[in-house]
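Trainee: Annotations per Swiss-Prot:
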TRANSMEM  1-21  transmembrane segment
TRANSMEM  40-60  transmembrane segment
TRANSMEM  85-105  transmembrane segment
TRANSMEM  112-132  transmembrane segment
TRANSMEM  188-208  transmembrane segment
TRANSMEM  219-239  transmembrane segment
TRANSMEM  245-265  transmembrane segment
Amino acid sequence: MPLLQLILVALIQGVTEFLPVSSSGHLILLPRLTGLEDQGQAIDVAVHVGTLAAVVLFFWRDVRAGLIGLPRALIGRLDTKGARLALGLIVATIPTVIFGTFLYFTGLSESLRSVAVIGWTMLVFGVVLYIADQRGPIDKSASDWGVRDAVIMGLWQMLALIPGTSRSGITITGARSLGYNREDGARIAMLMSIPTIIASGVLLGTEVALDADVDLMRDMGIAALLAMASALAALALMMRLLRSVSFTPYVIYRVALGMVLLFIAYG
């Protein structure tokens, strides 16, 4: 793969994976604007690994607490913060697994990957994020997250399987509609991404593991490192800005990009 394409794909995926702007919406524009071919599943796996490493490193304290609490959560002992976090992440992932299985076996996952669908989801869910952010109460923090809210946010996250929705954007929408403050809502949404990124990475990885050669492994390593670095930078910037800035700038960007995609689809 050309080095320039490798860099562009890794940076786009890394920056947009955790911002509420949809990585798929950007990646579908790349070949149309540059004439480059699709990067392939192997590079998709690599950038997933890179973004997974980024979120684990950025929220390592929460990840450690969740891993330590996981055995207690599995036997129903929710007497620690880590156990409650682990249970919440498990519960929140279930709707996505069920819906993803449905899309896979019905073949709908491929039919949804059109420019028109991505344009509409970018636009519509951008507006939904704005409404939730501006009208939602701010009376909850991460310590209030329990099974009920995990189920609700998991149902929101399920919609992210429709390309253009933005996994981080839709889960943040769910968090704000439930009353979580912006910073903690984003933090919960980022932690919820870990099981889903692992699941999608494993699914893609099983399809490319036997076909990788030395050159491809090198490209995958470069892509993973670039995606991790750019994702870490994007996470740090967003979490810092959320202390004083709403999600409105992301909404404006989403709506504008959605309109561009709709123009491409119907123009």
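Note: Cβ is positioned from N, Cα and C throughout, glycine not excepted.
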Trainee: Would you kindly list the residues that approach the transmembrane segment (112-132) from elsewhere in its chain, counting only those six or more residues past its ends and only Cβ-Cβ distances under 8 Å?
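Mentor: Same-chain residues near the transmembrane segment (112-132) but 6 or more away: 20, 22, 24-25, 28, 103, 159, 162-166, 169-170, 172-174, 176-177, 247-248, 250-251, 254-255, 257-262, 264-266.
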Trainee: Take the transmembrane segment (245-265) and find every residue of the same chain, 6 or more past its ends, with a Cβ under 8 Å from one of its Cβ atoms.
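Mentor: Tertiary neighbours of the transmembrane segment (245-265) are 19-22, 25-26, 28-29, 32, 114-116, 118-127, 129-130, 133-134, 164, 166, 169, 172, 176, 182.
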Trainee: Looking only at residues six or more beyond either end of the transmembrane segment (1-21), which have a C-beta under 8 A from one in the stretch?
Mentor: 27, 30, 34, 36, 39-40, 43, 46-47, 50-51, 54-55, 129, 166-169, 172-173, 190, 193, 219, 222-231, 233-235, 238, 247, 250, 253-254, 257
